[in-house]
Every structure is written in C-alpha cells, then in structure tokens.
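Taken from Swiss-Prot, the feature domain 'ATP-grasp' covers 114-314, and the record attributes it to sequence analysis. The feature ATP binding site is assigned by Swiss-Prot to 140-195. Summarising the annotation, Swiss-Prot assigns Mg(2+) 1 binding site to D267, E281 and lists sequence analysis as the type of evidence. Residues annotated as Mg(2+) 2 binding site in Swiss-Prot, with sequence analysis given as evidence: E281, N283.
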Amino acid sequence: MAAGLPETEIDVRALGKVAVLMGGDSAEREVSLMSGGGVLQALRARGVDAHAFDPSQSDLSELKSHGYARCFIALHGRHGEDGTVQGALELLGIPYTGPGVMASAIAMDKIMTKRIWRFEGLPTPDWRLVSSAAETAQALEDLGSPMIVKPSREGSTIGLTKVTSPGQCEQAYRLASRYDPEVLCEQFIEGEETTCPVLGQGAGAHALPVIRIVAPEGNYDYQNKYFTDVTQYHCPCGLPEQEEREIQRLVVEAFRTLQCRGWARADIMIRASDRKPFLLEINTSPGMTGHSLVPMSARAMGVSYEELCLRILAGASLDARQGQVDAAGHPGAA
C-alpha cells in the first residue's frame, strides 16, 4: 500500500487562485499558523497563486468575492476540521482539501469515531463517556490503570491526562472538561505508538509509510509534538514488515469507514503483550509544521514537502460536486 504514490501531472495554472486557510480561533491556532505558513511557502515555490487567509480575521464570504478557486485547509481543531468550515465552503461552492462535512464532523468527535469503528469491527481501546469526576473515578475502576482522560473534540493532546490513581481523576476531568463537556476515558494500551497517513479516496486510498514515535518517558504531549526535538521519530519504522502492512491496511479501512477523502493521519498503539494494533483516532487536517508527521512519512517514499502540498491541493473537491475533475485530471468526490 505504501510502495509509492501514483504518478500524476498537475497543471498549476488550472488550480487558480488558492486560499491557504490558517489560524482560526481554536486552541490549536498557533500550530495552524505554523502549518499554514509552511504550506503557503511550498505552494508559492511551485508557482501556485496562493494567499494566506485567516477565518478569524476575515469573513469567509470574502473567498467568493475575492475570486478564490479552491482552499487548502491548514486549520486545526474546532471550526477548522470539525465540518464547520467545510460546510461553509460547500455553500460557497469552493473546493477544499481533506474530508467532507460529515467525515470531518465525525472524525473530530473521538467518541463517535470509536463507536463507528467498533460497530465495523475495527480494534479500538475500550472507553467510557463521563460527565463528572465521580464517573471518571468509576471509569478508572472499570478500565483499569493507567487510563487516558481527554476531551472528545480536541486535538494535539490538548486537555489530555494519563491517570494512574483515583486521586488524579478530579483534576483530569476538570482539565478535559475545560475544552469539551463530553469527556472520554480510554483504556491505556501499553506498547509502541505509531502513526500512519492516508492519501486518496475510496478504492484509490493508500497508506504512506508508518512512523514509530518514541517520546521521553512516553510523554508525547503538545510541547513535545511541536516545540522540542526530544521526541524520536522512526521512519522507516523498524517494525516487522508484516506488522507495518497490517497497520497500513487497518488505517485505510478506518479512513474508508468514516468516508474520508483527500488525506488524513491515523494514530495507532501496538499492544506489547500480543502485538495487536489499536486505532486511537484519526486526524483529518494533520499538521504540516517542521515537526509534522505526514511530510516525514512522504519524504520516506521520495515525495518532497512541496510535492506533497501540491498533490493534496490538486485533490480539492466538494461533497456536492459529483464527477468533478481535479487539476490532475482525476474525478472528484462522489
């Protein structure tokens, strides 16, 4: 599945005037600005007529009045990858990168995502939805220690706590509930942390190389993700070939199950006791910073950051456009 990306010719002129949506008003604004800045520079280097656009500073209706032909969504978190901006772009009739309205909304909600994956028979850790510190303590009793407590609809490990004792439950619940009234308690899978990007859509969706993540003392938090160099990323991942292929198969199935398109990145834990992979979540607007993982995975198969950005942009589409043809001459979303 990761043998190589399909060969494609992209007519830069056919892309038209492009808005790189960045910033926004979520808790991940700072990271979004870094992602968007990198994408903007890469697209301009390839001759694309690309411009920065911050939805928290300008009304989205200006995209139409200013003649933008498509959008590269580099927004993270609420209003950027939860179906909100995707719905607005559908109404404006401006094609955009990444999954559509429904897939974006579902993937942003970790609980709904896990329910669908579980229904489809895909492996994901056991969980509880809680609404109080007392319920969090009960979840710890049910799921065992350690346990992960996190907001249902945030990313970048924001609001996340690894709980190892009942005394931590109240503080963990309070932190998570600051970001979302729906708090997820999830069984902790002891083992190796990996992540794997997916590009394409439907039968054409394909996984990129798996990345194995080794964080200091297992602490892969917001700071270590974006602002330090202490976390180690292994790509090639160094896993047995059969394990990597199984992870790639699993993430493509998870991607298709949620009806994603364009691109996404799924996080997986490999349980140490039996080497079984478990899906944690899927990110439908992955980071594109200097520390980000999709560009790292693409580089491992010979695809540069600039080429990756161009390919993602060329696949911009709309839910409402059946049979649309993109700048690479491929059919759009069905």
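Glycine is treated like the rest: Cβ placed from N, Cα and C.
Nearest to L140 (ATP binding site) in space, judged by Cα atoms and limited to the binding-site residues D267, E281, N283, is E281.
Between the binding-site residues D267, E281, E281 has the most other Cβ atoms inside 10 Å of its own Cβ, all protein chains included. Rounded to the nearest whole angstrom, the C-alpha distance between N283 (Mg(2+) 2 binding site) and D267 (Mg(2+) 1 binding site) is 8. Working note on the binding-site residues E154, E182: by count of other C-beta atoms within 10 Å of each C-beta, E154 ranks first. Remark: of the binding-site residues L140, M147, L175, the most isolated position is L175 (fewest other Cβ atoms within 10 Å of its Cβ). Cα-Cα distance from D267 (Mg(2+) 1 binding site) to I189 (ATP binding site): 12 Å (rounded to the nearest whole number). For E154 (ATP binding site) paired with E281 (Mg(2+) 1 binding site), the C-alpha to C-alpha distance reads 11 Å. Rounded to a whole value, the Cα-Cα separation of T161 (ATP binding site) and E281 (Mg(2+) 1 binding site) is 16 Å.
Taking M147, Q168, L175, E182, I189 as the binding-site residues under consideration, the smallest Cα distance to E281 (Mg(2+) 1 binding site) is found for I189. Counting only same-chain residues at least 6 apart in sequence, those with a Cβ under 8 Å from the Cβ of I189 (ATP binding site) are P125, M269, I270, R271, F278. Taken residue by residue with DSSP, D267 (Mg(2+) 1 binding site) is part of a strand. Within its own chain, Q168 (ATP binding site) has T161 as residues 6 or more apart in sequence whose C-beta sits under 8 angstroms from its own. For N283 (Mg(2+) 2 binding site), the Cβ neighbour count at a 10 Å cut-off comes to 22, with all displayed protein chains included. According to its DSSP assignment, Q168 (ATP binding site) is helical.
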